[in-house]
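Student: Swiss-Prot feature annotations, pasted as is:
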{"type": "TOPO_DOM", "residues": "1-58", "note": "topological domain 'Cytoplasmic'"}
{"type": "TRANSMEM", "residues": "59-79", "note": "transmembrane segment"}
{"type": "TOPO_DOM", "residues": "80-120", "note": "topological domain 'Extracellular'"}
{"type": "TRANSMEM", "residues": "121-141", "note": "transmembrane segment"}
{"type": "TOPO_DOM", "residues": "142-152", "note": "topological domain 'Cytoplasmic'"}
{"type": "TRANSMEM", "residues": "153-173", "note": "transmembrane segment"}
{"type": "TOPO_DOM", "residues": "174-186", "note": "topological domain 'Extracellular'"}
{"type": "TRANSMEM", "residues": "187-207", "note": "transmembrane segment"}
{"type": "TOPO_DOM", "residues": "208-216", "note": "topological domain 'Cytoplasmic'"}
{"type": "TRANSMEM", "residues": "217-237", "note": "transmembrane segment"}
{"type": "TOPO_DOM", "residues": "238-275", "note": "topological domain 'Extracellular'"}
{"type": "TRANSMEM", "residues": "276-296", "note": "transmembrane segment"}
{"type": "TOPO_DOM", "residues": "297-306", "note": "topological domain 'Cytoplasmic'"}
{"type": "TRANSMEM", "residues": "307-327", "note": "transmembrane segment"}
{"type": "TOPO_DOM", "residues": "328-343", "note": "topological domain 'Extracellular'"}
{"type": "TRANSMEM", "residues": "344-364", "note": "transmembrane segment"}
{"type": "TOPO_DOM", "residues": "365-383", "note": "topological domain 'Cytoplasmic'"}
{"type": "TRANSMEM", "residues": "384-404", "note": "transmembrane segment"}
{"type": "TRANSMEM", "residues": "408-428", "note": "transmembrane segment"}
{"type": "TOPO_DOM", "residues": "429-440", "note": "topological domain 'Cytoplasmic'"}
{"type": "TRANSMEM", "residues": "441-461", "note": "transmembrane segment"}
{"type": "TOPO_DOM", "residues": "462-547", "note": "topological domain 'Extracellular'"}
{"type": "TRANSMEM", "residues": "548-568", "note": "transmembrane segment"}
{"type": "TOPO_DOM", "residues": "569-615", "note": "topological domain 'Cytoplasmic'"}
Amino acid sequence: MSSSVVGASSNKKSGIRQSCEIIERERHSNDDTYSMTSTFFKLKENEIMSAQFDSLKYKILLISTAFVCGFGISLDYTLRSTYTGYATNSYSEHSLLSTVQVINAVVSVGSQVVYSRLSDHFGRLRLFLVATIFYIMGTIIQSQATRLTMYAAGSVFYNCGYVGTNLLLTLILSDFSSLKWRMFYQYASYWPYIIIPWISGNIITAANPQKNWSWNIAMWAFIYPLSALPIIFLILYMKYKSSKTAEWRSLKEQARKERTGGLFENLVFLFWKLDIVGILLITVSLGCILVPLTLANETSQKWHNSKIIATLVSGGCLFFIFLYWEAKFAKSPLLPFKLLSDRGIWAPLGVTFFNFFTFFISCDYLYPVLLVSMKESSTSAARIVNLPDFVAATASPFYSLLVAKTRKLKLSVIGGCAAWMVCMGLFYKYRGGSGSHEGVIAASVIMGLSGLLCSNSVIVILQAMTTHSRMAVITGIQYTFSKLGAAIGASVSGAIWTQTMPNQLYKNLGNDTLAEIAYASPYTFISDYPWGSPERDAVVESYRYVQRIIMTVGLACTVPFFAFTMFMRDPELIDKATHEEFTEDGLVVLPDEENIFSQIKALFRHNRSNKKLGC
């Protein structure tokens, strides 16, 4: 395999000049885009640095440092997802767990585009460092929060850092790999999940988050930066090596000669390039629409509150203003309509949206459901929640090698969607009670396989559909759609939970005070009422009822999910970083013969011809 990996990028040096010529043409055809920025030169820097990774030694170092960085990010995310539940429980506002998740996802929608576009302008490493600073700030604020509003504020900073580090790590690995091996490289930061599910439960049990959740979060303000240092130093070293080449010196000389515009001109350019107005409109709009859905519930009659109604109406109006702005005024729209008009782009984005929507609607409350209504211990519940990641991470090296052999991904995504349907059916059947343990484990395993076949495959398909100059932008849009799906999925599950759970608890428990405790602080409730007690049985029945509604919605959403997979294109994964030939406006032009419907028709024609020949 090692010789294949080296050979996968052996064409890079010879392809640098060709890639630079293509970018040069784009530069001169888009003078308004490049005249006052370093975007063109940063892309060429990436090309030169990429050639430095031809050695097997440096490829192993890149994958290893990505693994270490991914280990820090993934372990923190896994633990913090659980600690957030204990934090909201300590504020006696556990039902607002989805509110925090929605706030995280809404913030991510805007920040993804900013990171992707600025990384082309200032470089991947600088933005990675900025994201790390946000990560540390958010971690410190969350750990010291004494109320939900303060914790949510910390979540904004933390999530800006989290999505930034993930996106920039993906872009760094994409810059230095060919399409053929792109899946293998991108999964390197995901491999820690082979270990994490088996240690996270023990860590949570030993850390005792019921009492110590604050310190458990705070320690990651220095643990994660330490895990990121190896890849930071590696990139700095490769940049130093690149600076010794003649191409680099020539590039820097050209950059100095063509540097134009002062501070004000560059700020104005960035204002339009980042589409600041569009980012603010979509972020505020989604926040106004989605967050109230997780706050309003029948018990407090907040739906009759004028503030809730006004917020929802304002969000709807702002969304239409956003669409009008993007269509009429935005010089560099968040959603480039010309690019999105091709099914090779909009179909994978639709798959991304429903993939994350289905995941978050089914898993947002999975941990408390396991603890409260399935008699799982905290260790067992943590392992089950993380089991899909373990399955995907364990199978990813073998899947990546298969992809490198076949060089196609569309059928894998279709298979992943079919697996999602089976998974949601199992979650519907095994949604609570003592006999649900094996069924939930089976559903989690299938969920892991579906995630393996769908999530990163869609990213690689989109990157294969665009040129290098568009790769960061389209990857940022893909991440935006993933967070949009996550935000809406978490909002829908939160709305169902807050609208349905209180009444079910009041109905089954017959005690208003006890119902309020079970709703606001379920972890405290289960410590007082053991498994098999009448009160616990009543709560289990309530959880089963609510989970039935949530899983029904999730199962229904797999239908449009499947429809989008059928319309995707299936570009070949070549031995280059991107397709640079057969392109038009930064999009790879593919024939329509690879449409799945055309393939099915061709299959039937082949069968009929065989029958006529007597085969």
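Note: Cβ is positioned from N, Cα and C throughout, glycine not excepted.
I'd like to know what surrounds each of these features in this structure.
Tutor: Sequence-distant contacts of the transmembrane segment (59-79) (same chain, at least 6 residues past either end, Cβ-Cβ under 8 Å): 5-6, 9, 53, 162, 165-166, 169, 172-173, 176, 185, 188-193, 195-196, 199-200, 203-204, 207, 216, 220, 223-224, 226-228, 230-231, 234, 382, 386, 389.
Mean pLDDT for the topological domain 'Extracellular' (80-120) in this predicted model: 77.
A Cβ distance under 8 Å defines the sequence-distant neighbours of the transmembrane segment (121-141), meaning residues of its chain 6+ beyond its ends; these are 37-39, 42, 45-46, 115, 150, 153-165, 168-169, 171-172, 175, 217-218, 220-221, 224-225, 228, 232, 235-236, 239, 270, 273.
Within the chain, the topological domain 'Cytoplasmic' (142-152) has long-range Cβ neighbours (under 8 A, six or more residues past its boundaries) at 80, 84, 87-88, 91, 93, 96, 99-100, 103, 158, 214-215, 217-218, 221.
Distant neighbours of the transmembrane segment (153-173): 62, 66, 69-70, 73, 77, 100, 103-105, 107-108, 111-112, 115-116, 119, 124, 127-128, 130-145, 182, 185-186, 188-189, 228, 231, 235, 459, 471-472, 475-476, 479, 483; these residues of the same chain sit at least 6 beyond its ends, with a Cβ under 8 Å from one of its Cβ atoms.
Sequence-distant neighbours of the transmembrane segment (187-207) (same chain, 6+ residues past either end, Cβ-Cβ under 8 Å): 62-63, 66-67, 69-71, 73-75, 78-79, 82, 169-170, 173, 216, 377-383, 386-387, 389-390, 392-394, 396-397, 400, 456.
DSSP labels the residues of the topological domain 'Extracellular' (238-275) in these numbers: 31 helix, 0 strand, 7 coil.
Here the topological domain 'Extracellular' (328-343) has long-range neighbours at 33, 113, 117, 272-275, 277-279, 282, 349, 465-466, 470, 473-474, 477, 480, 567-569, 585-587, meaning same-chain residues at least 6 beyond its ends whose C-beta is under 8 angstroms from one of its own.
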Student: Can you name the far-off residues of the same chain, 6+ from the ends of the transmembrane segment (384-404), with a Cβ under 8 Å from a Cβ of it?
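Tutor: Sequence-distant neighbours of the transmembrane segment (384-404): 1, 4, 8, 74, 78, 81-82, 180-181, 183-184, 187, 190-194, 196-198, 200, 363, 366-367, 370, 376, 412, 440-441, 444-445, 447-449, 451-453, 455, 457, 460, 573.
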Student: Under an 8 Å Cβ to Cβ limit, what residues of the same chain, 6 or more beyond the ends of the topological domain 'Cytoplasmic' (365-383), are close to it?
Tutor: 78, 81-82, 85, 94, 97-98, 197-198, 200-202, 204-205, 431-434, 436-437, 440, 493, 497, 522-523, 525-526, 531, 539-540, 543-544, 547, 550
Student: Within the topological domain 'Extracellular' (80-120), how many residues are helix, strand or coil going by DSSP?
Tutor: 38 helix, 0 strand, 3 coil
Student: Give me the stretch from 276-296, 408-428, 548-568 with the greatest number of Cβ pairs under 8 Å to the transmembrane segment (344-364).
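Tutor: Maximum Cβ contact count belongs to 548-568.
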Student: Count up the helix, strand and coil residues in the topological domain 'Extracellular' (328-343) according to DSSP, in that order.
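Tutor: Counting residues by DSSP class gives 6 helix, 0 strand, 10 coil.
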Student: When DSSP states are grouped into helix, strand and coil, how many residues of the topological domain 'Cytoplasmic' (208-216) land in each?
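Tutor: Reading the DSSP string over the topological domain 'Cytoplasmic' (208-216) gives 8 helix, 0 strand, 1 coil.
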